[in-house]
C-alpha cells in the first residue's frame with residue numbers, strides 16, 4: 001500500500017496515468033545509511049506514473065487505480081451501494097468507493113466503511129475504523145458501523161512478506177478465508193466479494209467455497225498492479241445468499 005497525498009475524494013478520472021506523463025527515469029543514489037532495498041523502493045516510486053497521477057488527482061495511494069480498473073471491468077461499485085473495505089489504509093480504495101457509490105450525497109447515496117490495523121486519517125464520506133480485522137470484536141464493529149447488510153466486501157489485506165513464496169501464499173490465503181467468512185455473513189443476495197491473492201490464485205478448497213456461494217468467480221490482475229508483483233485479485237459476483 002503505497003502512500004501518497006491526503007486530499008479528499010471528489011474527482012472523476014480515467015483508469016491510468018495521463019498521456020502527458022514524462023518518460024523520464026529518475027535514479028537515486030544510495031546514501032550511506034540507506035539500505036539498497038530502500039533506495040530501490042524510492043527509485044521505483046519516483047519513476048512510477050501511477051504514483052504521480054495519484055498525487056495529481058488527490059488519491060491517497062496508487063492502489064486507487066487498481067480499484068478503478070477492476071470496477072471498469074467488473075462493474076463492482078454502483079450508486080447507492082453499501083461497501084466494506086478491509087485493509088483500507090491509507091484509503092485509496094475507500095476514496096474510489098466513496099466516489100462510485102455517491103457516499104457524499106445527502107440523499108440516495110451509498111455507504112462506505114473501512115478498517116485497517118494501521119492508523120489512518122479520516123476520509124470524507126466514509127467511516128474509517130482502526131483495528132485488527134482478526135480481533136474478535138472486529139466483525140461486530142464493522143457491522144455496527146455499516147448498520148445493515150453490505151452489497152460489496154473488498155479486501156486488500158496482505159500479511160508481511162517473508163520472501164518464501166509458499167509461506168506468503170498461505171498467509172494471504174488465510175486472510176482471504178477470514179474476509180470471505182465475514183462477507184458470507186454480511187453480503188446481501190447478489191453481492192460482490194473482491195480480495196487480493198498471490199499468483200497461483202486461490203486454494204482449491206477456497207475456490208470451491210467461492211463457487212458454491214457466488215454465481216461467477218474470476219481472477220484479474222489490473223494494469224496498475226506492478227509487473228513484478230505476485231499479487232492478483234479474485235472477484236466473486238452474484239452472492240447466492242446465506243444458507244442459514
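Cβ coordinates come from backbone N, Cα and C, glycine included.
In the three-state DSSP reading, residue 196 (active site, proton acceptor) counts as strand. As annotated by Swiss-Prot, active site, proton acceptor applies to 196.
Positions annotated as S-adenosyl-L-methionine binding site by Swiss-Prot: 91, 93, 116, 132, 156. Here residue 93 (S-adenosyl-L-methionine binding site) comes close to 63, 64, 66, 67, 85, 114, 154, 156: these same-chain residues lie at least six apart in sequence, with C-beta atoms under 8 angstroms from its C-beta. In the three-state DSSP reading, residue 93 (S-adenosyl-L-methionine binding site) counts as helix.
The region 'Disordered' annotation in Swiss-Prot covers 1-23.
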Length of the line joining the Cα atoms of residue 91 (S-adenosyl-L-methionine binding site) and residue 196 (active site, proton acceptor), in Å: 16
Rounded Cα-Cα span from residue 196 (active site, proton acceptor) to residue 132 (S-adenosyl-L-methionine binding site), Å: 17
For residue 116 (S-adenosyl-L-methionine binding site), nearby residues of its own chain (Cβ under 8 Å, 6 or more apart in sequence): 86, 87, 88, 89, 129, 130, 131
Fewest other Cβ within 10 angstroms of its own Cβ, chosen from the binding-site residues 132, 156: 132
Recorded positions: 91, 196 - member with fewest neighbouring CB atoms within 10 Å: 196
